[in-house]
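Shown next, in C-alpha cells, is the structure this report addresses.
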Amino acid sequence: MISLKFPNNEVREFPENITALEVAKTLSPRLAKEALCASINGKLIDLSQKISESGEFRLYTFEDDEGKDVFRHSSAHLMAQAVKRLFPKTKLAIGPAIKDGFYYDFDPEESFSPEDLEKIEAEMEKIVKEDLPIERFVLSRDEAIKFFEEKGEIYKVELVKDIPEGVEISFYRQGEFVDLCTGPHVPSTGYLKAFKLLNIAGAYWRGNEKNKMLQRIYGVSFPKKSMLTDYLNFLEEAKKRDHRKIGQELDLFSLQEEGPGFPFFHPKGMVIRNELENFWREKHRLAGYQEIKTPIILNRELWERSGHWAHYKENMYFTKIDDQDYAIKPMNCPGSILVYKNKLHSYREFPIRLAELGLVHRHELSGVLHGLMRVRCFTQDDAHIFMLPEQVKDEIIGVINLIDEFYRLFGFEYHVELSTRPENSMGSDELWELATNSLKEALEERGLPYKINEGDGAFYGPKIDFHLKDCLGRTWQCGTIQLDFQMPEKFDLTYIGEDGQKHRPVMIHRVVFGSIERFIGILIEHYAGAFPVWLSPVQVRVITVAERHREYGQEIYQKLFNQGVRVELDDRNETIGYKIREGQMQKIPYLLIVGDKEIEQGSVAVRKRGVGDLGQKPFAEFIEELLAEIREKR
C-alpha cells in the first residue's frame, strides 16, 4: 500500500501501482472527468501513470495553470498530427504551450496559406472524434535518433542529440502520430473539445536568424465550446483596442521602416507622455527623490565593472570613439552609481533617492517587436535608493506605497510576484538569501499577497514585480523593485558611518511605469483611446453651428486656452452633425456647441464623451467644473 496526502492535508491509503485517474475516481466523479494531469511529490505525471511511491498528491484541471499547459500542449500535438496527415512531407520542429494558447513550428514543402488552417482544423476535429489514447513510451538515445532519421525528421534528430547524457528520452503516441516530448498529456484526443487556429507567422529554427525560417501556426483551445466563444469575443475586443491601430487613428505615434523598434511620438502623443512624466516628477518630488540625468553612451570599462558586459552583452548596442569600445546603455543603474560615487556621503544623508527618466536601448530581434509594447529604445523611469541596512524594509514599503498610488490613479488592479536568483547571476549565496528575505519581509509587513517566480530575478539581485490587470483582464508586468548588494561591492560604494569609518550602502533599483512607451501602449488599450480628461491630448473642442457663431466660438476657445485647457476650435463650414461625429471619433472628452441661443445667454451646449448631451450650461460654470476635473485627475 501507499499513502497519498491531498492538498487539504487528508491522507489516504491506496494499492501500489494505482493510476492517477483511478485515484481521482475515488475522490469525485466530477473531478475525475475534469482532471487533466496530476503530480506526485511535486512532479507532474500523466493520469495514466501508475503511482508506486507515497507522498503529496494533487490533481489539476483547466482551472489550474498546470492543467492549462498540459491541455494546450496536447492541442499542439493534435494540430501536428493533423498537419502530418494532410501534408505528409512536412517536417516537425517544436510545439509548446504558451500563455493563452499553443503553437507548432513546421517546415512544409510548400508554404501554408490561411485556407490551409481550415483544412487542418477539420482534420483535428476528426482526430478528436477518434478519441485516440495518448500513450507515453521511452527509447534509448540511439533508438530515438534512428526512429527520427528513418522518418526524415531532421529537427527532432537535432533535439535528441542535444539531450544530456543520462536524461530519459520520452515520446508520446496517439494513433499513427509520435512526437518527442517530456509530457505530461491528457489521456486521449477526445479531451480536446474546442479549438481555433488563429494565424501563421514566420519563426527561425531555435530563434536564431542564421537558421532556416519555419512556419509557426498559433492556436487556442478549451475544454468547452462556450469558453472558446468567450475567448474569440475577447480577441475581437482586443483587436478594436490595439494600441497600434488607435495610435494611428488618433495621431499619437508611428512606427517607421527607417527605424524598426524605435517609435516616433507625434504632438498629441507627446501631450500624453509629458502629462505622465510631469505627474511622475511631482509625485517623486513629494516622496523625497532628486532627479538626475546620465549619458546614453558610456565606455566598456564601466559595463565590465557593472557585470553587464558579461551577463547582458547580447542585448546591447556598441560603438567606438577614439578607438575605444563604448556601449549604448541598456540600463540606467551604472550612471546613477557614478553620480552617487562623485562625492563622499555621510550616514546622516541616507536614504539618498536618485530618480531618472533615462533613455535606454536594448537589442531585440525584429520578430518580437510589437508596437510600443516591445521596442528597441524606451524611457525607463528608474530610481536608485542608497541606504543603511536597517532602512531597507521601510524603503521597500515606501516604494510599494508609491507604486500603489500610481496604479490606483489609472484604475488598475495588480498582483505581485517575487522573482528569485536566475542561473546567470553574480554574487554569493549568502547575499542572495539576505536580499530575498528582505523583500519577503517587506511584502509580508505591507500585507501584500505574492507568489514566488523561481529563477526570474535580475542577474544582480532578486526583485518584486508588479503585474497590472487591464479592463480586458490581461496582465502586464510594469513596476519592479530590486534589492542589490552586488553593485555597491562592484563599484566600491561607501559612506562614512556614525563611527567615522567607511561602510557599504545597500542599493534598491526600482521602476513604477517600467517603460514609459509601454505604459502608454497599455493605457491606450485600457482606455480604448478614451483617456481621462487630464491625459487627453485635446480636452475640449468648440464647435460652431454656423458662420455667424464664429466670433463667439473664438471667444470661448481663447478663454479656455488662457486657463491652460487643451482646446481646439472647429469653425469649418460643415454640418453640425458631421462635426460632432468627428469629435466623437477622435474621443475628445467635451464638445461645446455654440449657436444663437448660447450667444444670447453666454452659455455653451455641452456634450460629454460616453454620456451624451448635457444641455446648456453657463460658460463660467462649465469651466469651473472642467478645471476641477483636470486638477483632481478624475
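Quick reminder: no glycine exception, Cβ is built from N, Cα and C everywhere.
A quick note: this is a predicted structure, and the numbers were derived from the prediction, not measured.
Swiss-Prot lists Cys333, His384 as Zn(2+)-binding residues, and of the candidates His503, His509, His526 the one it assigns to that same site is His509. Taking the binding-site residues His384, His509 in turn, the residue surrounded by the fewest other Cβ atoms inside 10 Å of its Cβ turns out to be His509.
Summarised by DSSP class, the composition of the domain 'TGS' (1-61) is 14 helix, 25 strand, 22 coil.
Note on Cys333 (Zn(2+) binding site): other Cβ atoms within 10 Å of its Cβ, all shown chains, come to 25. Take the mean position of the Cβ atoms of Cys333, His384, His509, the recorded Zn(2+) site; other residues of that chain with a Cβ within 8 Å of it are Met331, Asn332, Ser336, Ile337, Asp382, Ala383, Gln482, Asp484, Met487, Met507, Ile508, Arg510.
In the three-state DSSP scheme, Cys333 (Zn(2+) binding site) is classed as helix.
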